[in-house]
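What Swiss-Prot records for this protein:
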{"type": "BINDING", "residues": "ARG47", "note": "NADP(+) binding site"}
{"type": "BINDING", "residues": "ARG123, ALA124, SER125, GLY281, LYS296, PRO297, THR298, SER299, SER300, ARG324", "note": "FMN binding site"}
Amino acid sequence: MHNQYGSIFSITTWGESHGPAIGVVIDGCPAGLSLSPEDFLPAMARRRPGQLHTSPRQEPDLVTILSGVYQNKTTGTPISLLIENKDVSSSSYEHLQHCYRPGHAQFAYEGKYGFADNRGGGRASARETASRVAAGVIAKKILLSQGIETLAFLSGFGTLESKNYPKLSDSLIQQVHTSPFYTLLPQEEIQNLLLLNPDDSFGGVVSFITSPLPIGLGEPVFGKLPALLAAGMMSIPAAKGFEIGAGFSSSQMTGSAYLDAFIADESGVSLQSNRCGGALGGISIGQPLEGRVAFKPTSSIKKPCSSVLKDGTPIAYRTPNQGRHDPCVAIRAVAVVEAMLDLTLVDLLLQHRCTQL
């Protein structure tokens, strides 16, 4: 259950980290959208392991379109995408079958189901997010056709952090996409932290921004734009916090300091500031959407940690040297955050078209 996300534009992901393949089925995509396997390459490359300061697992992450596309056009029927797992190394996990890995979902999965696939995290692995990124490519194409641009970037790495939301532009997108860390932070400072802590891992923050959204995205009460975004973002493995606009810092403000004043000019009514993050009453108001997602440090580290065998015997657990893990999962989570943003916005955009005759 709960492998589906979205209402009108919905996705269902499937597969495990060390299975033969993972994939996603997209339902609700309008017909006539141009789509080819090459369209997936840039986004998949940003999430793909085996790059600088990410997991050394080598996965090409080539997307195969199985259905829903004919002559490079979507047909309006379900689109099925397949991504093969090419670099599986399950032997690294065989000796871990009898102990609990600190910080991993294995203990929870075994408690819930009575059985769990322990190879590389199974269904709980961040490998699953490759399917979301693939689906997000289709969502982004729809958004761009409606004049909506989106971007996610690494805004926090360990103690390094920037809370500013820059204005979205082509040059900003290019700057983020050409950075090895997908960030506006000083790259040499990130590299120094990694070099000084080779046996440890780091948490991070991923910010997301959009061009001004159409007024009306989001539904009252349980379908609010920030609420749906929070659900999508917090479903990403290792996500531990979400905020929109001023977020948690708004709790330390006075009303006079927080309120966004309305202004009007020849282009219409807008806000003087955007501490609300682009939504009032859970509905977009024509402003850019701005938010952040916090990610915990990767649990797989080379430093020893206390744990127990499944029979309760205490042990000193250490991640095996042959294991392949990210020093900071937030780096590759940039592409996933952007995908979840795109998937949420497309679904709400299509819902909004049903609001008025």
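Just so it is clear, glycine is given a Cβ too, placed from its N, Cα and C backbone atoms.
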Number of other Cβ atoms within 10 Å of the Cβ of THR298 (FMN binding site) across all protein chains: 22
Cβ neighbours of the residue listed as 'NADP(+) binding site' where a neighbour is any other Cβ within 10 Å: 25
Inter-residue Cα distance where the pair is ARG47 (NADP(+) binding site) and ARG123 (FMN binding site), in Å: 17
Other CB atoms, at most 10 A from the CB of LYS296 (FMN binding site): 17
Top Cα neighbour of ARG47 (NADP(+) binding site) in the set of binding-site residues SER125, LYS296, THR298: SER125
Collapsed DSSP category at SER300 (FMN binding site): coil
Assigned conformation of ARG123 (FMN binding site) - DSSP reduced to three states: helix
